[in-house]
Each structure stands twice: as structure tokens, then as C-alpha cells.
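**Q** Feature table excerpt (TrEMBL):
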- Arg39: site 'Transition state stabilizer' (SITE)
- Tyr44: active site, proton acceptor (ACT_SITE)
- Asn93, His99, Asp106, Ile120, Ser121, Arg130: substrate binding site (BINDING)
- His119: active site, proton donor (ACT_SITE)
Amino acid sequence: MLLSPLCIFFRKFAANVQIKVDMKIQIINGPNLNLLGVRQPDVYGSCSFENFLPQLRALFPDVEMEYYQSNIEGELIDKLQEIGFGCDGVVLNAGAYTHTSLALADCIRALKCPVIEVHISNVHARETIRHQSMIAVACKGVICGFGLDSYRLAVEALKHISQSPAEAQPR
């Protein structure tokens, strides 16, 4: 795995410093996202999520990040219900379930923590069916089209939300 100079710096820094964890975030990827780096690299890039995640963690040493992936809708719902009352936020890429799952939307509405919907590709520049999100109305926000950097932007958004007074947050 090739690491950026910034990632190498953070790894060395983190090895020598006790870092206080300020937030606990769950990253959840849905169907076919286990194939990142292999599936349609022209759309999703050539980096697997497993290779990207350590770099993301290195950028946010004060954030504990757990990762989960499933191709099964019910397992995604089970995971959201399991963690959605005990973490500070969720970064959710529901994959194709974004466009079809009322069950995921209902689950997100029940959670106590904010959920940010993310997509690697710009779903609005793709097939018409991908333009509609069934879960966006239940999420705090949506980030798409920035490649794997969409996940970094979502973590930054969750950090900002956690530090903002409730009355200053968008609805």
C-alpha cells in the first residue's frame, strides 16, 4: 500500500503521542462497495476501501472510526440499529439501496445520531434512476462526487455538527 507523505507523518505522530478520542463514528458501506478498486475503476477509482481507511483514520486521530460493509439490506439495518444510539455519527454509503430502500430511511429516522449519506461518484451525473435518494430526507446531509474524499468530507461534517450548538445546525 502506498501512503501519502501526510499519512506517513500522522502515523509517526500518532505512534508517539497519546491522542484523546473526541468522537466515535461508524462508516457503513452497502452492496458492491466491497469491490472498490476492482469494480468500474473509471467510476469508483482504483483504491480499495481497505487501503483507503487507514489514511482516513490518520487524518482524524481524535476520531474513533469503525467500519462495516454488507451486501444485504437487512444486515445494514441491523448494524444501524446496533450502533445508532451509541456513536456520535454515521457515514453511510448505501450503494444501490440509496435509491430503493424505505426500510433504510425509516431506520435512519429512528437513530439518535446524525447520518451523512455519501457517494463516491456524482450520482446526479449518472443514470436517471440514481438521481433519486430514498434515504436523503432522513439524513443530516448528502455528499457525492468527490471520490473516496467524500468520506473525509463527511467526517469533517460530523465533527462540525458535534461542535455546533443545536440552534445553529441545519434541519
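Every residue gets a Cβ built from N, Cα and C, even glycine.
Note: TrEMBL annotation is automatic and uncurated.
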**Q** Quick check: in three-state DSSP terms, what is Asp106 (substrate binding site)?
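**A** In three-state terms, Asp106 (substrate binding site) counts as helix.
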**Q** Within a 10 Å radius around the Cβ, which one of these recorded positions has the most neighbouring Cβ atoms: Arg39, His99, His119, Arg130?
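**A** Selected residue: His119.
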**Q** Looking only at Cβ atoms, how many others are within 10 Å of the one on Ser121 (substrate binding site)?
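**A** Around Ser121 (substrate binding site), other Cβ atoms within 10 Å: 18.
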**Q** What does DSSP call Ser121 (substrate binding site) in the simple three-state scheme?
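**A** Coil, per DSSP.
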**Q** At the level of the C-alpha atoms, what whole-angstrom distance separates Arg39 (site 'Transition state stabilizer') and Ser121 (substrate binding site)?
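**A** Just about 13 Å between their Cα atoms.
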**Q** Please list, in sequence order, the residues in the chain of Asn93 (substrate binding site) that are at least six apart in sequence and whose C-beta is under 8 Å away from its C-beta.
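**A** Within the chain, Asn93 (substrate binding site) has Cβ neighbours under 8 Å at Ile28, Asn29, Gly30, Leu33, Glu117, Val118, His119, Ile120, Ser150, Tyr151.
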